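Trainee: Here you go, one structure.
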Amino acid sequence: MTEKNQTVVSEFVLLGLPIDPDQRDLFYALFLAMYVTTILGNLLIIVLIQLDSHLHTPMYLFLSNLSFSDLCFSSVTMPKLLQNMQSQVPSIPYAGCLTQMYFFLFFGDLESFLLVAMAYDRYVAICFPLHYTTIMSPKLCFSLLVLSWVLTMFHAVLHTLLMARLCFCANTIPHFFCDMSALLKLACSDTQVNELVIFIMGGLILVIPFLLIITSYARIVSSILKVPSAIGICKVFSTCGSHLSVVSLFYGTVIGLYLCPSANNSTVKETIMAMMYTVVTPMLNPFIYSLRNKDMKGALRRVICRKKITFSV
């Protein structure tokens, strides 16, 4: 690409969501309510898992990390979106844009790896119940968590450094956050290296974890079908239903947007799809896990009863 129109960009302008000005206050209240719901819902899961000893198991260890990731993932974009909806100049500093991109990639990738760990945990619990505590040892759980955090950190740093070396011809981003693909379209510099890394790392970070999840559940189904029973089928749905719902929500939108892009995709359509996995999915996850999970509902009742006894004393 030519660099004749290259300018020094100190800030970017985020065009935000395609909302009619007359409806801006209504959508602001809606998004604020969704963000508060996301924060409170995920915090509730984290607190319940910490307070209730019955939930001190590998599955809920991964779930608490997933809730923390959802909380942070939503917080990367939502506060700035809400601020810009009330601002006449919806801008973000250059350094702030790169920082937002880094944490967006970090927590988005972390969720992908945590979903894999949770799928493996369900696979071991159903297919090897007698050896579950031996296989899912504290050492293995800790190793899976550390590996997830380290790999996502490396991936986010790599893309951020590659983006920081680029020069930009314009500073108007047709999005509500600093999306990597939107930033590349504004670059004057050669972006071939960035695009190659996105293609390769996209396969490693998204496709491989997704295939591992599918493989885990394929083996679970295969194991159940070998000894078909109503109890076995109910066990699969009760223990895996919530996780499969979250996997479908997350990967359905991400793969549809980034790995299966359509030439007919408009900016508005891409923005709406991005809202699905950055705002809607983190908000729905606590409801999916709490409403369909007897352990979580039981933990909530025990904590409430414990507080009532404390206050009565």
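Note that Cβ sites are derived from N, Cα and C of the backbone, with glycine treated the same way.
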Trainee: With respect to the membrane, does Swiss-Prot record T172 and I224 on the same side?
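Mentor: Taking the topological domain names from Swiss-Prot at face value, T172 sits across the membrane from I224.
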Trainee: Who are the long-range neighbours of the topological domain 'Cytoplasmic' (50-57) in its own chain, taking Cβ under 8 Å and residues 6 or more past its ends?
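Mentor: Result: 64, 295-296, 298-299, 302-303.
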Trainee: Assess whether the transmembrane segment (58-79) lies in contact with the transmembrane segment (196-218), where contact requires at least three Cβ pairs under 8 Å among residues 6 or more apart in sequence.
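Mentor: Output no: the transmembrane segment (58-79) is apart from the transmembrane segment (196-218).
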Trainee: Given a Cβ distance threshold of under 8 angstroms, which distant residues of the chain, six or more beyond its ends, lie next to the transmembrane segment (196-218)?
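Mentor: Long-range Cβ neighbours of the transmembrane segment (196-218): 109, 112-113, 115-116, 119-120, 122-123, 151-152, 155, 158-159, 162, 180-181, 240, 244, 247, 251, 254-255, 258-259.
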Trainee: Average the pLDDT scores across the topological domain 'Extracellular' (159-195) and report the rounded value.
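Mentor: That region's mean pLDDT is 90.
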